[in-house]
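A.B. asks: What follows is a structure written as structure tokens; I'll ask about it next.
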Amino acid sequence: MGEQSIIGVIDTGVWPESEVFNDYGIGPVPSHWKGGCESGEAFNSSHCNKKLIGAKYFINGFIAENESFNSTKSLDFISPRDHDGHGTHVATIAGGSYVPNISYKGLAGGTVRGGAPRARIAMYKTCWYLDDEDIMSCSSADILKAIDEAMHDGVDVLSISLGSDVPMYGETDIPDGITTGAFHAVLKGITVVCAGGNSGPEAQTVTNTAPWIVTVAATTLDRSFATPITLGNNKAILGQAMYTGPEIGFTSLVYPENPGKSDHSFSGTCEELSVNSNLTMVGKVVLCFTTSPYSASASSAARSVKTAGGIGVIIARQPGYVIRPCLDDFPCVAVDWELGTDILLYIRSNGFPVVKIQPSRTLTGQPVGTKVATFSSRGPNSIAAAILKPDIAAPGVSILAATTTNTTFNDRGFNMMSGTSMAAPAISGVVALLKALHRDWSPAAIRSAIVTTAWRTDPFGEQIFAEGSPRKLADPFDYGGGLVNPEKAAKPGLVYDLGLEDYVLYMCSAGYNESSISQLVGKGTVCSNPKPSILDFNLPSITIPNLKDEVTLTRTLTNVGPLKSVYRVKVEPPLGFQVTVTPKTLVFKAKTKRVSFKVRISTTHKINTGYYFGSLTWSDNVHKVTMPVSVRTQILQNYYDEN
């Protein structure tokens with residue numbers, strides 16, 4: 001269960017009293033650990049144990065960038081202690097110990113544990129609460145310093161659920177502390193796992209895209225919180241909520257409007273319910289509509305209805321948006337626009353519309369399927385389109401984990417949170433398990449094992465969809481290789497490996513100048529002329545953003561399975577493209593551990609196209625090593641380039 005692996009978490013700190021950091025039955029601290037626990041406000045070395053083996057904080061960069069910050073008056077703790085709860089939540093998901101009989105007010109009940117429940121956790125606090133702006137803020141300088149210390153402390157994995165929005169800095173630019181620090185960590189054999197961002201479902205929004213980082217997308221679980229709504233005509237509707245209060249018996253239902261008139265003293269828009277008179281909503285359940293994907297619209301609606309004396313709100317919105325509980329367990333139930341319209345038509349056709357709302361209940365398994373979350377940032381990569389991002393997907397919606405006991409929505413120190421911030425540590429836990437099994441694997445080999453063995457169907461064999469407008473079948477820009485499959489990743493058979501020389505060739509092929517590459521690498525670097533092709537970078541994926549006629553690229557596989565193995569290729573070509581692999585059979589022997597192959601891709605398309613998707617799989621009848629293939633024809637662009 002990862003007992004010899006150390007997961008470094010760079011985040012908002014840790015709440016050490018949480019049960020998830022118990023060290024029951026865990027052996028001595030791994031001998032390669034050189035770090036420790038730093039004392040500060042409400043935190044000292046006694047808060048650490050054989051589970052939480054490291055805790056440090058980094059604030060100098062933050063203070064330099066926020067001169068108005070008053071450390072003596074701040075609500076945050078000037079120590080590794082977590083004020084926000086985000087860091088504690090992330091650490092739980094990555095490596096929290098077993099804690100039985102946990103739920104959120106009776107929802108999502110079960111045993112909480114991390115991906116690697118016996119791995120050790122070291123927290124590096126780099127993000128701080130800005131009281132006057134009510135936000136968390138992180139300095140790149142502090143992040144870079146934290147990564148540097150984590151490297152020297154001896155972590156095996158770095159889990160970083162932080163990042164900026166696009167547009168991003170270049171990958172050789174020092175201001176991007178995550179990318180720069182991750183490069184040096186990877187060269188030391190430390191796998192760096194990062195959240196891909198929460199700006200989906202728009203394309204080209206994925207962040208933390210450097211090819212030495214494992215970038216993670218978020219999916220739902222096969223779990224929902226069904227909340228029965230019954231109309232006065234006995235029509236039953238299942239909404240979604242985290243409502244755990246008493247049943248609301250048949251009560252007056254209203255949609256604020258003045259039928260047939262343009263009257264600005266009424267509004268059925270969730271964010272504008274406060275313009276309605278209290279008499280419109282007092283003692284009633286209110287229906288409203290919103291186009292906003294953010295939970296703030298639901299919170300605003302609930303606050304307005306409650307202030308006016310209402311007793312509940314039904315929020316009609318796009319399907320797939322994240323649900324959260326409303327303050328003081330006020331009944332706020334989400335439905336999609338279609339169901340919301342059904343409710344509205346009932347209200348308009350009935351002189352005395354009424355509704356009953358029952359408490360939420362947990363549903364798991366079929367028919368609830370795994371989907372890429374609406375908010376999960378999507379590819380293509382906006383810095384280097386030929387580098388597939390995200391790499392992999394993991395659950396990141398309504399994840400129950402530990403938090404601080406001073407956060408608003410905690411239940412006995414646990415709450416549910418959503419984001420790629422929750423998906424990334426799930427992958428970090430998997431990496432910790434793989435590192436414990438294969439100490440000699442490089443970060444690139446570990447990433448390859450995870451990507452090439454991933455599920456492209458959910459546990460029920462159904463294809464994975466991506467939430468959005470509209471919902472569609474998921475593709476590599478939604479989930480990379482697919483949904484992580486930890487058991488298969490432990491024995492991938494073959495891996496696509498990378499080292500320093502490969503990363504330098506990538507930077508040269510991507511067009512970075514030699515001086516910036518030299519600065520990042522730490523030694524003089526000269527790029528070859530002509531520069532190498534970025535398409536030959538040995539990723540476990542093929543992404544061609546601008547194919548005109550045809551192209552041939554190379555990949556190299558390293559055998560990590562049985563010494564004598566024979567693999568044969570199977571290709572699912574993207575629609576309208578021909579894919580030829582040479583050779584079609586790879587033979588590995590005791591002295592032949594690395595074998596290269598070429599892939600020739602040509603197109604029959606005569607116009608610029610969007611991306612088409614396929615796959616390339618090597619199999620020995622035991623292992624299946626699958627890489628996603630994404631190709632776009634760009635004839636017109638090439639014409640302008642040449643003319």
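Any Cβ shown, glycine's included, is placed from N, Cα and C.
Annotation comment: TrEMBL describes 3-457 as domain 'Peptidase S8/S53'. Marked as active site, charge relay system by TrEMBL: Asp11, His86, Ser421. The annotation domain 'Subtilisin-like protease fibronectin type-III' is assigned in TrEMBL to 536-631.
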A.B. asks: What same-chain residues, at least 6 away in sequence, bring their CB to under 8 Å of the CB of His86 (active site, charge relay system)?
C.D. replies: Asp11, Thr12, Cys127, Met136, Ser161, Met417, Ser421
A.B. asks: Across the domain 'Subtilisin-like protease fibronectin type-III' (536-631), what are the DSSP residue counts per state (helix, strand, coil)?
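C.D. replies: Split into helix, strand and coil, the domain 'Subtilisin-like protease fibronectin type-III' (536-631) gives 1 helix, 63 strand, 32 coil.
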A.B. asks: Looking at the domain 'Peptidase S8/S53' (3-457) alone, can you tell me the average pLDDT?
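C.D. replies: Residues in the domain 'Peptidase S8/S53' (3-457) carry a mean pLDDT of 93 in this prediction.
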